Structure formats: structure tokens, C-alpha cells
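Below is one structure, written out as C-alpha cells, with a few remarks after it.
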Amino acid sequence: MEQKKTLGLMTVTGCYVLWGILAIFWRFLAQVNSVYVLAQRIIWSLVFMGLYLLFTRRGREVAAAFRDRKTMVNCLLCGVLITLNWGMYIYAVNSGHVLQASMGYFIEPVAVGLIGVLAFREKPSPGEKVTFLCAGAGIVFLTVRTGSLPVLALMVAIPFAIYGALKKKITLTAQTSLFMETLWMTPLALAFSGWWTAHQGGTAAVLGDAALWLLPASGVVTSVPLLLFNLGVREIPYYFSGILMYINPTLQFLVGLLYFGEALQVDQLIAFVIIWAGISVTMVEKGRRIRRERAAWKEGASGG
């Protein structure tokens, strides 16, 4: 049991680490039109997940999804939302706004919590209430000080938060769901890729031989973290993965600041600190819950 939990912890951590450093990969494609990169990401994710489902013999689940109209509609909606999230993130990275993208992923769990309260009537804990208030305060502060909303951060966070809420209505495995979502988006992706290649010459004209592996690799770097997450999340308490998820935006923040050398304005830093303060309250609360449950489990084990 402990070995499974350790393996689960390692794989989920690996997932968030990969997501956190993914900006480095997308920057290699900075010279290419962001919409074209997005289209190729959709196509190659479909190819990779299709091969995975083929080799793991998930054909029956895919066939069942095609027969369920509600599932198909939800997969279409999820496909639109994840495409928005992917597209905004690629644009943010390749336009030099990794720090704002990282803010989006710090906000995203808060947005998920708010959707849970408003749409699913979930009751937030005291710590979560503080986190909601701090996240809102950070956004309002940054908006007032700069005169504009942190649009990129919100456009990264909100579609992904709604995407997560819709996923609750889909009974498919995450792998099959991603396949169906990208399948819906692939006709548009193929159409744009064909048009862009005909008019601009494709990526070979810009990247040369690197295009031969960078674009297919976009499907791999999209799918592998998801597979790691689904392998490990079943072995650890889900709320524990809620703590680990902050590895992703933290690494994004460090990559933007230290690797890409983006300037961190004072107003941005203050907004980040306000948001981080709220998140830390929730993390402490969850940490105490983990310790209590572990102590109760040990007491029960010794009593048995």
C-alpha cells in the first residue's frame, strides 16, 4: 500500500513538474504562428492518444462514447475550452508573458473552487474562503494599479476551470476524453494547418529540420503528463494532489523570471504575494487535514 502511494506521489509530482517547465518547449516554436502551433498540438495529441488507446485496447469505450449524445456534446464543449486554454498559454509563452500565464494557473484552483460553490453548491472551508478573497483582491489590486485586467491570466484560468467542472459530467477515462475532445477540434486544426501551410510554407520554412520532431513532440508533451497524473492520482488522496498542483505555476513563475528573464513589476509582485498568501492558508489547512487522517489511520492500525 505504501509503495503504491509513493509511486502515486512520484508520478503526480512528475506530471506537475513537466507542466511547470513546458513553457521552455513552446518557446522553441516562438517563431511560428501561435494558432498554427495550437492546431498542430491538437492534431498530434489526437494521434498520440489514438495510438495509446489502440495499444491499450480501449476501442469499446471509444465506441460507447460515440453512441452517447450527451457525452459527445460534453466532449465538444470540453474540446472548445481546452483549445482556448492551450491557445492562450502558447500565445502567452511566445509573446513573453510567462509570468502572467503562471498567475493564471495560481488563480485556476481558486476559480475551480468558486465554480464548485456556485454551480455544485459545495461548501467552502474557512481557509478556502480566505483564498477566494485574496485571489479576488490580488486581481482587483493589479487591475486598479495597471488600469487593465490581467487578461492573459484570466483567459488561461477561466476556460480551464470551467473545463474541469464539465469533466465531472463525463464518465470516460481522461485518456479517452482527451481523444474525443481533440477529435472534435481536429477538423478545424487540419483546415487551418492546410491554409497556413499553403500561404506561409509551414514550419519547415521557419524551423527547418527541427519541425520534423518539434510538432509531433507537441502531442507527446501534452499527453504524457496527463497519463502520469491518471496513473498516480488514484493512489493518493485527491485533496493531496490539490496541494501538489501548485508545483506547476510555481515552476512556471521561476521559468519566466529566471530562465526567460521576464521583468517582474512591483505591482505584479504585490498581486502575486496577495494571491500566494491566500493559497498558503488553504495549503496549511490541507496539510493539517493530511496529518490528522494519517494519525487516525496509524491509531486504527495499531488498535487492530
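Heads up, the Cβ atoms here are built off N, Cα and C, so glycines get one too.
Here the structure is a predicted model, which means the values were calculated and not measured.
For reference, TrEMBL has these:
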DOMAIN    7-143  domain 'EamA'
DOMAIN    151-282  domain 'EamA'
TRANSMEM  7-29  transmembrane segment
TRANSMEM  35-55  transmembrane segment
TRANSMEM  75-92  transmembrane segment
TRANSMEM  98-120  transmembrane segment
TRANSMEM  150-166  transmembrane segment
TRANSMEM  210-231  transmembrane segment
TRANSMEM  238-260  transmembrane segment
TRANSMEM  266-284  transmembrane segment
Outside the transmembrane segment (150-166), at least 6 residues beyond either end, the same-chain residues with a Cβ under 8 Å of its Cβ set are 74, 77-78, 81-82, 84-85, 88-89, 91-92, 97, 100-101, 103-105, 107-108, 111-112, 114-116, 119-120, 139, 142-143, 271
At least three Cβ pairs under 8 Å linking the transmembrane segment (98-120) and the transmembrane segment (266-284), pairs spaced 6 or more in sequence?
yes
So, do the transmembrane segment (7-29) and the transmembrane segment (266-284) meet, by the test of 3 or more Cβ pairs under 8 Å (sequence gap 6 or more)?
no
Determine how many residues of the domain 'EamA' (7-143) DSSP places in helix, in strand and in coil.
118 helix, 0 strand, 19 coil
Reported in the order helix, strand, coil, what are the DSSP residue counts of the domain 'EamA' (151-282)?
113 helix, 0 strand, 19 coil
Are there residues at least 6 beyond the ends of the transmembrane segment (75-92) whose Cβ is under 8 Å from a Cβ of it, and what are they?
26, 29, 34-35, 37-38, 41-42, 65, 98, 100-101, 104, 152, 155-156, 159-160, 162-163, 166-167, 170, 172, 177, 180-185, 222
